[in-house]
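S.K.: Let me give you the structure first, and then I'll get to my questions.
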Amino acid sequence: MLFRAVLLCAALALSHAANPCCSNPCQNRGECMSIGFDQYKCDCTRTGFYGENCTTPEFLTRIKLLLKPTPNTVHYILTHFKGVWNIVNNIPFLRNSIMRYVLTSRSHLIDSPPTYNVHYGYKSWEAFSNLSYYTRALPPVADDCPTPMGVKGNKELPDSKEVLEKVLLRREFIPDPQGTNMMFAFFAQHFTHQFFKTDQKRGPGFTRGLGHGVDLNHVYGETLDRQHKLRLFQDGKLKYQVIGGEVYPPTVKDTQVDMIYPPHVPEHLRFAVGQEVFGLVPGLMMYATIWLREHNRVCDILKQEHPEWDDERLFQTSRLILIGETIKIVIEDYVQHLSGYHFKLKFDPELLFNQQFQYQNRIASEFNTLYHWHPLLPDTFNIEDQEYTFKQFLYNNSILLEHGLAHFVESFTRQIAGRVAGGRNVPIAVQAVAKASIDQSREMKYQSLNEYRKRFSLKPYTSFEELTGEKEMAAELKALYHDIDAMELYPALLVEKPRPDAIFGETMVELGAPFSLKGLMGNPICSPQYWKPSTFGGEVGFRIINTASIQSLICNNVKGCPFASFNVQDPQPTKTATINASASHSRLDDINPTVLIKRRSTEL
């Protein structure tokens, strides 16, 4: 009888044994498949490795590994030797060859077609075809794994509030040594909200941004109904209003477009744009206004060039031109600034025409998560000689009208943003958003930091001190997580030691760049079928794209052509400004900004 009981217990134990793939035994992007309840097999197909766990390199792979420099070495070369890079930048053949390598080496790290999502940790038609899911770079940790990170770490992750308070929250503002400014910060927020549109009703693994890329739905609206409400249906233009001799977005009343505004916001300040959340802060409405003006400006140019075209063709072609302008500005101004490279990046779709490249994209939830750059935000916003708190800034379009776009551009170009990596720089005002980012990552069962580093060809960290580059935060993290292999992705990105004089650490760049460049160059307008003058109304439209920059965008649409850049030209200690005691029309004294932002989206 006792023997039977022992056998029964053993059988029950085996039936509840952990999934053998929980330990992530397959290396170098090999795929683990369970066989029975306690065996697994690694599929090493086309990885360049073989063996039980895909750890033995093939001959050509071994040579590539010997010759390939580390990401930090590449970064060092690209951010030093300025004289050499000045020569390279002026030799088209060399510049094109290097840019082609940058694009292909980065974008080939992204699976296309997509593979996994929050509910499918294996290949399935649902994971491929259902656009309402974010895709995944790594499958979720299986439900039957013994710990949240597979087999490493404790059975429970540390309290997210404790993680936030000990290593993420700001003690004092840490400016970005790379000189990133608020013009950049609000561009990032405005630009990414066309594809980071989490469906909060369905959960963090789902998106409402079904275009999965740069389609400018934040300008034109996600649905055809919203687009039609925003359109003038005359000369291809969008609706607008004129205030003080300048063009601004129309109101909610005039368009009947749904926007998110608290009840106290006056009717005349409820501007209506493509993204319903852009009334949150005037910095977002600034860019919404600039792109509205740009669309209507391009329509005027096309109308003059093609008087025979109807409203629909003028609208659709102008949209394609603005998509092209956006991609060019993002690569040549935005990514250029973030990289810190002396090599001059170039937007030229023809560089990929003879390469293996798929013109499609699917936004990954990890890309959404890593883009939560809340440390960029300052403690206050300086416009002209006035200083606004978070409370005064929220849902207060009156500030935009009071100061005007020119002063906004000038002020945000001068105001330095915060450093993202290095820890302890998340503003208290958005702590609820940062906490939600941790909680939602857990809900989506992200794998550990080191698993993501391996996925993107980086060496895993061996200690918390190696991660942070110092001892004090490393000790806090060790007490919280115990094992470096159990370190969560999102907090790790914010506490990772920054590269020298840089805004980010290694992991943020090496994970983010492939997602970014694949999404940009995978746009249909970059394909051989689209990338030709006739797509954009002829040479005139093509020239608008090929000469676009953040400075030209501002000059063409803001009075006085104020200087615009994504970095502070001469970083100075922040001067004391006059605190603006008035919230103007906003009446926000009784509003908690962290609650408001959390209710809207963790992406804001």
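Yeah, the Cβs are placed from backbone N, Cα and C, and that goes for glycine too.
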S.K.: Swiss-Prot annotation: Cys21 disulfide-bonded to which of Cys26, Cys32?
M.R.: Cys32
S.K.: Looking only at Cys145, Cys299, Cys526, which is named in Swiss-Prot as the disulfide mate of Cys22?
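M.R.: That record, Swiss-Prot, gives the partner as Cys145.
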S.K.: I'm checking region-level scores; what's the whole-number mean pLDDT for the domain 'EGF-like' (18-55)?
M.R.: 97
S.K.: Residue counts in helix (H, G, I), strand (E, B) and coil for the domain 'EGF-like' (18-55), per DSSP?
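M.R.: Counting residues by DSSP class gives 4 helix, 12 strand, 22 coil.
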S.K.: Of the recorded positions listed here (Asn53, Tyr371, Asn396), which is spatially closest to Asn130 (N-linked glycosylation site) when Cα positions are compared?
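M.R.: In terms of Cα distance, Asn130 (N-linked glycosylation site) lies closest to Tyr371.
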S.K.: I need the most crowded of these glycosylation sites: Asn53, Asn130, Asn396. Count other C-beta atoms within 10 angstroms of each C-beta and give me the top one.
M.R.: Asn396
S.K.: To the nearest whole angstrom, state the Cα distance for the pair Asn396 (N-linked glycosylation site) and Tyr371 (active site, for cyclooxygenase activity).
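M.R.: Pair distance, Cα basis, whole Å: 25 Å.
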